[in-house]
Amino acid sequence: MSFPGLTLIPRTRTTPLQVLMVSVTTVILSVLAMVLMFSLLGAEPTTIFQSFFIEPLSSGYNIGEVVIKASPLILIAQGLAIGFRAKVWNIGAEGQLIMGAITASLLPIWWPQSDSMLLLPAMIVFGALGGMVWSGIAALLRTSFNASEIIVTLMLTEIARQVLYFLLTGSLRDPGGYNFPQSVMFPDAGLYPIIGTGAVRANASIIITLLMTIGCWIFVNRAFAAFRLQVGGLAPAAAQYAGFSQKQAIWLSLLISGAAAGLAGMGEVAGPIGRLQSMLSPGYGYAAIIVAFLGGLNPIGIFFAGFLMAIVYVGGDIALVNAGIPSAAPVVFQGLVMVFYLGASLFLRYSLVSVFTLADVKEPV
Amino acid sequence: MSLPPLAQPQYSQGEPLLRLEGVSKKFGTLVANCDVDLSIHPSEIVAVLGENGAGKSTLMKMIFGVMQPSAGSIYWRGQRVQISSPAQARQLGIGMVFQHFTLFETITVAENVALSMPGTPQELAGKIREASQKFGLAVEPHAPVYSLSVGERQRVELLRCLLQDPSLLILDEPTSVLPPTAIESLFQTLRGLQERGIAILYISHKLEEIRALCQRATILRHGRVTGTVVPKDETAHRLAELMIGREIPRSSHPKATPGEVVLKVSGLSVQEADPLAVGLKNVSFDLREGEILGIAGVSGNGQRTLARALSGEDTLPPSGQGSIEMLGRPVGHLGAAERRALRLAFVPEERMGRGAAPTMALRENALLTAHGEGMVRRGMIQREKQEAFTLKCIADMDVRSSGPAAPASTLSGGNLQKFIVGREMMLRPRVFVVSQPTWGIDVGAAALVRQKLVDMRGQGSGIIVISEELEELFEVADRIAVMFDGRLSPSRSTALTTPEIIGQMMIGLFDAGLDTAREAAQ
């Protein structure tokens, strides 16, 4: 397919600036499209913009809410990006998040009166392991039977959800909780300490996210393992030629991203929720995929992209009240970002040129 | 590179059925066909001969309406036509059997035929039986395609074409999938079709088949017609020369002092997963340190499989036949990384995407295989070592680039090849496998690469050069063996053989010139 007079020519190289421009263009187009879309539903464009992008940053409480939502998004996206660079597609971070939350919850549910200093660190380890086990299943199936990790991780998300419901209506249910599908409240020793004053709910889980971001930055820029993963993604035949194991790449990618998602799940139950319950995440595992791409699969870019997405989550709640916009608005925004990102990234790989500027080649090359 | 003029074949009675005039096809800046003239008369079998990538398939796709020419005209029965789709080509009476089958495996023969013709599978089953009797192509209409052998599948493809009652049949490398026994019966069928007045365009790079079957051959090289000949009247040597495109040179043979055996391949047979690819059939050879073994052959005869098996990109399955021993230990089960740890280095024929990651900088591409040269400590990349290695490689090999930060894709083919060859040489390999070392690179770069290969031999490396270019092999190799159809001939000492003999071996005559060689030896 082609337009008259124009054609797409593959680029031989892309600069970091071009990568950044793709993300910036995506955000601008998504914001414009969203404002346009909701204006057609009868809302005032300025109110929409105000609610989504200004008010989330207007008070300490709101900023705290943004941090609470940014933390799991960034954490998961950092893990996913490592795999995405190697073209290992874990799209079931949501399920790994649920499993991480379940395994981490086992400890405070078993010792609800504990005041041990070790409880929170142990929950962190359990949360990461829970996510790794869940993504490890996908790695095992991929490396032994060549089962697509895309399908397997996605399906495992639904299984994780059913496991959660099963446990919450059975062995993990709070015996004194009037049959609600939720666990006992965790003791303080099983919760992240709150950062901030008053009603602010932001907690120390953001420190884990910051450490993960720094760790990923060092890994991506310095580690030979990251180089091997990247070659596997950019030029699979070159990776095979050099003898970089594809199996190892699959295991490494899925285990790191599973651990990050498990940690994020643990951060939810040990953070704003404070117990295990059936509703754990508003789709952080899926939104993190978009955050990873919008951040250009770069640890620093992901950090900013995560905050943007979190602002839209908080802004969606505000716009629901202020502008009467449906609660699905944040998901609509995520969809717009994905569509515009895919469209814009075409121009990373190709440049649009006029056919008339192409030299009229007569000689075979 | 001028060739003597060719006698025009006397086979142009009446009006041609199909005539191409000045047909060209460009993909962006790549020229696949340039100014091609071709004609074919009823009851004629015309070969289109050329190496892989010479533009044969593109040309046929234009005749069959899959692609449109960028320039030139196509005449059908004297009328100028624009063939805009395969459906239109079929209407005109052109049928094509593709090299890669276009059958759905899970449904039956008749159902497959029904997809491209009016009528229910039931009605067509009768027609299929009738046609299979008429043309001598035994096919069971109700058999599911997955249960058929490749030979049978090809018969289905052929029958499906014939049911449309074509006056021109295009066959794209039809024998590449067939066992030798099936080839003869295919030829009989084709001769039968010829007697019924059907014209056949037969695409191949197998010279012997063309000599057996075709009245005329149009030879393509780099997308251009280099000649139209009567294959029976030409020597195999002459046809090879037209196809490969240069006067095959005399040797200027260097002297070698081979030492102990560093690589031993015995009875190696590899079946390719793709039924269209040529695997390896009982390949055996030895490589000694301080010598260069040349492996000649037209590409597509198993060289690719051999290179992958030697490099460790494909490991031998435990049940596989044959063995590979390097420095006295079996390495068939070892992957590329482990073989490299034993000091094997390898230059693949694809530079971009395999020998180098295109979007990555040269320094990253140095890291690709040279990471063992002190560039990684405790899992972390040592930037200074990496930079020093890259700079040395660029300087030693005179790589023209903007420096270590230049992405591989910004280099010309020749410069990237020099970089890859240089990188692999700096690993000081015991066994060095080089595939198509000078494919598509300029004369100066080619000379440098060859000189470096000879230098390395002097330093004790055992080197295998897989190449299509006889000139190159006669220049650098101490011994030459030939690959044809997955088999490897015994090697001949370069001093005791001639390009003519190797040229004949390249089309499958492995015993060619044995007597002459013996005489020369005496």
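Think of each number as a place in line: the chain as shown, counted from 1.
Every residue, even glycine, has its Cβ placed from backbone N, Cα and C.
TrEMBL annotations: computationally assigned, not manually curated.
What TrEMBL says about this one:
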type	residues	note
TRANSMEM	A:20-43	transmembrane segment
TRANSMEM	A:63-84	transmembrane segment
TRANSMEM	A:91-111	transmembrane segment
TRANSMEM	A:117-141	transmembrane segment
TRANSMEM	A:150-172	transmembrane segment
TRANSMEM	A:192-220	transmembrane segment
TRANSMEM	A:250-271	transmembrane segment
TRANSMEM	A:283-316	transmembrane segment
TRANSMEM	A:328-348	transmembrane segment
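Within the same chain, the transmembrane segment (A:117-141) packs against the transmembrane segment (A:250-271): three or more Cβ pairs sit under 8 Å, each pair at least 6 residues apart. Counting same-chain residues at least six beyond the ends of the transmembrane segment (A:250-271), those with a Cβ under 8 angstroms from any Cβ of the stretch are 68, 71-72, 75-76, 78-80, 82-83, 86, 88, 90, 93-94, 96-105, 108, 120, 123-124, 126-136, 138-139, 142-143, 149, 153, 186, 190-192, 201, 203, 205, 208, 212, 225, 229, 280-281, 284-285, 288. Between the transmembrane segment (A:192-220) and the transmembrane segment (A:328-348), the number of CB pairs under 8 angstroms, six or more residues apart, is fewer than three, so the stretches are not in contact. Sequence-distant contacts of the transmembrane segment (A:283-316), counting only residues of its own chain at least 6 positions beyond either end whose CB sits under 8 Å from a CB of the stretch, comprise 19-20, 22-23, 26-27, 51-53, 55-57, 62, 65-70, 72-74, 76-78, 80-81, 84-85, 91-97, 157, 213-214, 216-217, 220, 261, 264, 325, 327, 329-331, 333-334, 337-338, 341, 345. Within the chain, the transmembrane segment (A:91-111) has long-range Cβ neighbours (under 8 A, six or more residues past its boundaries) at 72, 76, 79-80, 119, 122-124, 126-135, 138, 150, 152-161, 163-164, 167, 172, 183-184, 186-187, 189-190, 257-258, 260-266, 268-270, 275-276, 280-281, 283-286, 288-289. Residues 56-57, 90, 93, 97, 196, 200-203, 205-206, 208-209, 212-213, 216, 219-220, 226, 229, 233, 252-254, 256-261, 263-265, 267-268, 271-272, 281, 284-285, 287-289, 291-293, 295, 297-299, 302-303, 305-307, 309-311, 313-314 of the same chain lie 6+ residues outside the transmembrane segment (A:63-84) yet bring a C-beta within less than 8 angstroms of a C-beta in it.
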